[in-house]
Structure formats: structure tokens, C-alpha cells
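Trainee: The feature S-adenosyl-L-methionine binding site is assigned by Swiss-Prot to Leu73, Gly104, Leu123, Ser124, Ala125, Leu126, Thr127, Leu128, with sequence analysis given as support.
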Amino acid sequence: MKIQLIAVGTKMPKWVEEGFQEYRRRFPHDMPLELIEITAGKRGKNADIARILQKEGEAMLAAIPKGNRIVTLDIPGKKWDTPELAQQLEAWKLDGRDVSILIGGPEGLAPACKAAAEQSWSLSALTLPHPLVRIVMAESLYRAWSITTNHPYHRE
């Protein structure tokens, strides 16, 4: 099973790239983690935010291979703790499909992305900067994988 993080935003600071890559490289070959960056729409004083969200959403959905399970990160989504995420990861593996996790931009996700999702996950009740979410996601997914394989990374 491959996991894709599809995130709005490009040209992240070096610390974001390094943090994400630190966890991405730890994933096993049979469960690679891939990052697909979607160019954010230009947000100015008179920006049409609804149109920007629509364009970003179209680009996100176009990046998802046919048949993938779509999971959105969204405030009203399910709140999974680490053991619950590990259970989700196991269920996704048993489902036999790759997983695409969508990370929206500053205004969140387009309605079309939310409508296409099979699951919605609330990463935190906190508002997190979007660059940091990439690192938190990579680490959380790696930790969940470590639980499913009894790898010593996760300690209770």
C-alpha cells in the first residue's frame, strides 16, 4: 500500500523538507510515503477565495490515482489517537487500495474534495501551520506503522 500526502503549497522552508524527509525515508518499501505538492492559488487583497479553493481542489483530485481511498484532514473529522490511527492503517492495508490524504491550504479544502472523501480525519483541535502538518502527518503515520509491526519506535 502506498500513502500519498497531497498538500496545497510548494517551496516549503528547508526545515519542513528535512523534517518530512526524515520520516518519509523510514517507511518500509512495501508502504512508501509520497508527497504531492499542489500550487496554491494567489491570494491577494481582492482574491476570489471560492474560485481559488475550487482550482486547488480540482488539482488535488486530479493528482489522485483512480481507485485510491481518499481521506481528508478537516476540523470536523474523526479524532483518532495513535492506537486508533494504527487500527486505521491496518484496515487500509486490508482494503488493498492505496491511500491519498488531502491537506488543504489556508482556507481548508474545496467542497469537491470533502465530497470525494471516504473518511475525514481531524488531526488536532489546535490550528497548525500547514507546513508543520506535513511533518506531523509523516511522524504520526510512521508511529502508527511502528505499532502495527511491533517496531520499537513507539513506546507506551
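Placement of Cβ uses the backbone N, Cα and C atoms for every residue, glycine included.
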Trainee: Counting only residues 6+ apart in the same chain, whose Cβ is under 8 Å from the Cβ of Ser124 (S-adenosyl-L-methionine binding site)?
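Mentor: The answer is Val136.
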Trainee: Most Cβ neighbours within 10 Å: which of the binding-site residues Leu73, Leu123, Ala125, Leu126, Leu128 is it?
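Mentor: Comparing the binding-site residues Leu73, Leu123, Ala125, Leu126, Leu128, the most crowded Cβ belongs to Leu73.
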Trainee: Note down the number of other Cβ atoms within 10 Å of the Cβ of Gly104 (S-adenosyl-L-methionine binding site), including every protein chain shown.
Mentor: 25
Trainee: Can you tell me how many other Cβ atoms are located within 10 Å of the Cβ belonging to Thr127 (S-adenosyl-L-methionine binding site)?
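Mentor: Within a 10 Å radius of the Cβ of Thr127 (S-adenosyl-L-methionine binding site) lie 6 other Cβ atoms.
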Trainee: Please report the DSSP secondary structure of Ala125 (S-adenosyl-L-methionine binding site), reduced to three states.
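Mentor: In the DSSP reduction, Ala125 (S-adenosyl-L-methionine binding site) maps to coil.
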Trainee: What is the biggest Cα to Cα gap, in Å, among Leu73, Gly104, Leu123, Ser124, Ala125, Leu126, Thr127, Leu128, the residues listed as binding S-adenosyl-L-methionine?
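Mentor: The widest Cα-Cα gap among those binding residues is 16 Å.
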